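**Q** Pulled these from TrEMBL:
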{"type": "COMPBIAS", "residues": "32-51", "note": "compositional bias 'Pro residues'"}
{"type": "COMPBIAS", "residues": "52-76", "note": "compositional bias 'Low complexity'"}
{"type": "COMPBIAS", "residues": "256-267", "note": "compositional bias 'Low complexity'"}
{"type": "DOMAIN", "residues": "80-225", "note": "domain 'FAS1'"}
{"type": "REGION", "residues": "30-76", "note": "region 'Disordered'"}
{"type": "REGION", "residues": "241-273", "note": "region 'Disordered'"}
{"type": "SIGNAL", "residues": "1-27", "note": "signal peptide"}
Amino acid sequence: MRIMQESQSFIMPTTILLLALFYTTSAQLSPIQPPSTPSPPLPQPSPPATAPAPGFNTVPLVPVTPTGAPTPTITPKGPTIDIVQILRKAKRFSVLTRLLKTTQLINQLNSQLVTSSSGGLTLFAPEDSAFSKLKPGFLNSLTDRQKVELLQFHTLSSFIAISNFDTLTNPVQTQAGDDPQRLQLNVTTFGGSQVSMATGAVNASVTGTVYSDNKLAIYQVDKVLLPLDLVLPSKAPAPAPSLAKKGLPKADKGNSTAADDSSTASDDGSDGKALPAGVSAGCSMKWVNKVVVVGVVGLVSGVMI
C-alpha cells in the first residue's frame with residue numbers, strides 16, 4: 001500500500017512535466033501566421049473600341065495650343081496665328097504654301113485673323129497630290145491676278161465649324177467674288193461627316209481637318225477648286241456704241257482747188273478756155289455768167305438794129 005502511494009506521487013509530477021514540455025515544443029515549431037490581407041480585384045476587360053463613322057478625319061493634323069499653357073511675359077509682335085506655319089507642320093501643302101507667299105496673299109489673311117471685327121477664316125487646302133492632277137503648266141500659265149483669284153476662291157471670310165457646313169447657302173460666296181456664273185461654289189453635306197464641293201469645273205471632297213479653333217479652320221481637299229472664270233474663255237469686251245453718221249462739212253468756196261473749179265466749169269458748159277489774168281478760181285462761175293449775159297444782150301441789140 002505504501003509502495004503504491006509512492007508510485008502515484010512520482011507518476012503525477014512526471015506526467016505534468018511531460019505535458020508542459022509537449023505544449024512548449026509544439027508552440028516553438030508552429031510558425032506565426034501573418035494576418036490575412038484581401039487580394040486585389042482582378043482587372044475587368046475593356047469594351048471593344050467602336051469604329052469611327054465614315055467620312056473625313058475630324059482629328060486635326062496640327063493640334064491647337066492648350067489654353068492652359070503659360071503665356072510668355074513678352075507679347076510677340078504680329079499675328080498670333082500664322083497660316084504658313086500651320087501648313088508647314090502638316091507637311092503636305094508645299095505648293096499651296098509657295099503660292100500664298102509669292103502672291104503675298106498670306107499677309108492679308110494673317111491680318112484678317114487679328115482684326116477684331118473679322119468673323120474668322122475658313123481655308124480649303126489642296127494637298128500637293130491635288131496640284132499634281134492639274135494640266136501640266138497650268139499654274140505657270142496664270143497671271144498674278146489669276147493666281148490671287150484662285151487662292152481667294154479657296155477662302156471664306158468666316159469661321160465654319162465641321163458641324164456647320166449644312167448651314168451654308170449655295171452658291172457660297174468666297175473672297176474671289178460673288179459672280180454666280182463664273183465664281184460659283186456649291187457645298188453639299190451627307191450625314192454630317194461627308195462634305196463635297198462643286199465649282200462647275202471640278203467636283204472635290206473634304207478629306208480631313210488640318211487645323212481648327214474658334215477663329216481659323218483649315219480643311220484638306222482632294223482637288224484644286226478651279227473656278228469657271230479660269231477655265232472658260234475670257235469675257236469679250238462690250239462693243240463701243242456706234243457713232244451716228246453725220247453730214248460731211250461743206251467745202252469753203254474760197255479754199256476749193258483748181259481741179260474742183262475746172263470740173264464745175266465743164267459742167268456749166270464752159271469751153272475750157274483759160275481764165276483772164278487776175279481772176280481767181282473762186283470767181284470762175286461768176287465770170288462765165290457775166291459773159292453769157294453780155295452775149296445775150298449783144299444778140300438782142302443786133303436783131304433790133
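First residue shown is number 1, and so on along the chain.
Cβ from N, Cα, C; glycine included.
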**Q** When DSSP states are grouped into helix, strand and coil, how many residues of the domain 'FAS1' (80-225) land in each?
**A** 50 helix, 36 strand, 60 coil
**Q** Across the whole of the domain 'FAS1' (80-225), what does the mean pLDDT come to? Round it, please.
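**A** Taking every residue in the domain 'FAS1' (80-225) and averaging pLDDT yields 93.
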